[in-house]
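In Swiss-Prot this protein carries:
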type	residues	note
REGION	43-64	region 'Disordered'
ZN_FING	93-122	zinc finger
BINDING	Cys97, Cys100, His112, Cys116	Zn(2+) 1 binding site
REGION	127-148	region 'Disordered'
COMPBIAS	138-148	compositional bias 'Low complexity'
ZN_FING	164-193	zinc finger
BINDING	Cys168, Cys171, His183, Cys187	Zn(2+) 2 binding site
REGION	187-215	region 'Disordered'
ZN_FING	220-249	zinc finger
BINDING	Cys224, Cys227, His239, Cys243	Zn(2+) 3 binding site
REGION	259-280	region 'Disordered'
ZN_FING	283-312	zinc finger
BINDING	Cys287, Cys290, His302, Cys306	Zn(2+) 4 binding site
REGION	305-345	region 'Disordered'
COMPBIAS	306-334	compositional bias 'Polar residues'
Amino acid sequence: MERGKKKRISNKLQQTFHHSKEPTFLINQAGFLSSDSYSSLLPETESVNPGEKIKTDTQKKRPGTVILSKPSGRRIISESQLSPPVIPARRPGFRVCYICGREFGSQSIAIHEPQCLQKWHIENSKLPKHLRRPEPSKPQSLSGSGSYSLQASNEAAFQSAQAQLLPCESCGRTFLPDNLLVHQRSCKPKGEGARAPQSNSSDHLTGLKKARSGTPARPRTVICYICGREFGTLSLPIHEPKCLEKWKIENDRLPVELHQPLPRKPQPLPTAQSSQAGPSQAQLVSCPNCSLTFTSDRLLVHQRSCKTQPQGPKDQNLTLGSKGSLKESTNSKQQKNRAAPSVTDRVIHATQEALGEPGGTLCL
């Protein structure tokens, strides 16, 4: 019964709400409502017993609602502007090694320097004596504070490392002593115009003089007194006996009139090369046709292609030739003499006609 009454009241209120046009109607009607009517406006689940509430929950499950409070964009912008900027930590000051000139941290430089000095001693002992350098001394810390003292100490350490460099003789570039030897293998001198390396210390000058004297020069050569070719001082004693044997074999193959006496080894003189060049020139034989000088074995090869003949043998052939050949030569001369006046006769005859003189035969 009670449920029916409540439903009727709620239906009447809904109908009057839809048909009423005044907003104050609900307020007036709310005053006449009893406590039971207030409970009827609430959901049914709230007015039901606990046992009945469980049954209704199993039948209808309504999802729960969550309210999210979204902050305004202006607030986020203002908060980001008010936050201070993040400043990165200051980079530690690097220190320059006074031996190799590289940079290290303030804590690792103390570990590096003893190892670098030990390596320097090992590499310095492997170098030639004229390229060895004195042990580099650590520059004293300068008085100052902050970044100025660090910069000054790094500059002094860098100058100490640069003092270990040696200039190249060819190009003038500076290298460490161990790197200089590697560079000199591929560095080619540019000529006399290459700039000379400048060095302030006397150690550089003495080292450069020793380095120049220590560069490998061309080995001295000696001329063979038989063939006239150049050989080294060590290979010449091996060459001379073989060259003399070869000379004897070639000399025996020549005609008898071209045989040469056995060459003699010259005595050593201060001018060794000039004294040895003389006997080798004495072994040369002149060609009878062109008067060029050759060695005895090369003369035969030259005579095969030499076609020029001297004038002396031709005159002898004319004088010692047969009578027929002499007659032929005289006849040819007479024919030439006859042919010559015929040309002159024509010239004289033409001149006489031009002058108006009577033509006639020219008597010779």
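Keep in mind that glycine also has a Cβ here, set from the backbone N, Cα and C atoms.
Features recorded in Swiss-Prot, as mapped to the structure shown.
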| residue | record | Cβ within 10 Å |
| --- | --- | --- |
| Cys97 | Zn(2+) 1 binding site | 21 |
| His112 | Zn(2+) 1 binding site | 16 |
| Cys168 | Zn(2+) 2 binding site | 18 |
| His183 | Zn(2+) 2 binding site | 15 |
| Cys187 | Zn(2+) 2 binding site | 15 |
| Cys224 | Zn(2+) 3 binding site | 19 |
| Cys227 | Zn(2+) 3 binding site | 17 |
| Cys287 | Zn(2+) 4 binding site | 15 |
| Cys290 | Zn(2+) 4 binding site | 13 |
| Cys306 | Zn(2+) 4 binding site | 14 |
Original post:
Counting only residues 6+ apart in the same chain, whose Cβ is under 8 Å from the Cβ of Cys100 (Zn(2+) 1 binding site)?
Top reply: Cys116, Trp120, Ala161
Original post:
Tell me, what is the mean pLDDT of the zinc finger (164-193)?
Top reply: 75
Original post:
Out of Cys168, Cys171, His183, Cys187, Cys306, which of these binding-site residues is nearest Cys224 (Zn(2+) 3 binding site) by C-alpha distance?
Top reply: Cys306
Original post:
Going by C-alpha distance, which of the binding-site residues Cys97, Cys290, His302 is nearest to Cys243 (Zn(2+) 3 binding site)?
Top reply: His302
**OP:** Write out how many residues of the zinc finger (220-249) are helix, how many strand and how many coil, based on DSSP.
**Re:** 14 helix, 6 strand, 10 coil
Original post:
Near His239 (Zn(2+) 3 binding site), which residues of its chain come within a Cβ-Cβ distance under 8 Å, counting only those 6 or more away in sequence?
Top reply: Cys224, Phe231
**OP:** Pop the Cα-Cα gap between Cys227 (Zn(2+) 3 binding site) and Cys290 (Zn(2+) 4 binding site) into the table, whole Å please.
**Re:** 22
Original post:
When DSSP states are grouped into helix, strand and coil, how many residues of the zinc finger (93-122) land in each?
Top reply: 14 helix, 4 strand, 12 coil
**OP:** Starting from the Cβ centroid of Cys224, Cys227, His239, Cys243, the recorded Zn(2+) 3 site, name every other residue in that chain with its Cβ within 8 Å, sequence order please.
**Re:** Tyr225, Ile226, Arg229, Phe231, Leu236, Glu240, Lys242, Leu244
Original post:
Between His183 (Zn(2+) 2 binding site) and Cys97 (Zn(2+) 1 binding site), what is the CA-CA distance rounded to a whole number of Å?
Top reply: 24
**OP:** Fill in the CA-CA distance, Cys171 (Zn(2+) 2 binding site) to Cys97 (Zn(2+) 1 binding site), as an integer in Å.
**Re:** 27
Subject >> DSSP helix/strand/coil residue counts for the zinc finger (164-193) >> reply: 10 helix, 4 strand, 16 coil
Original post:
Quick one: Cα separation, His302 (Zn(2+) 4 binding site) versus Cys97 (Zn(2+) 1 binding site), in Å?
Top reply: 75
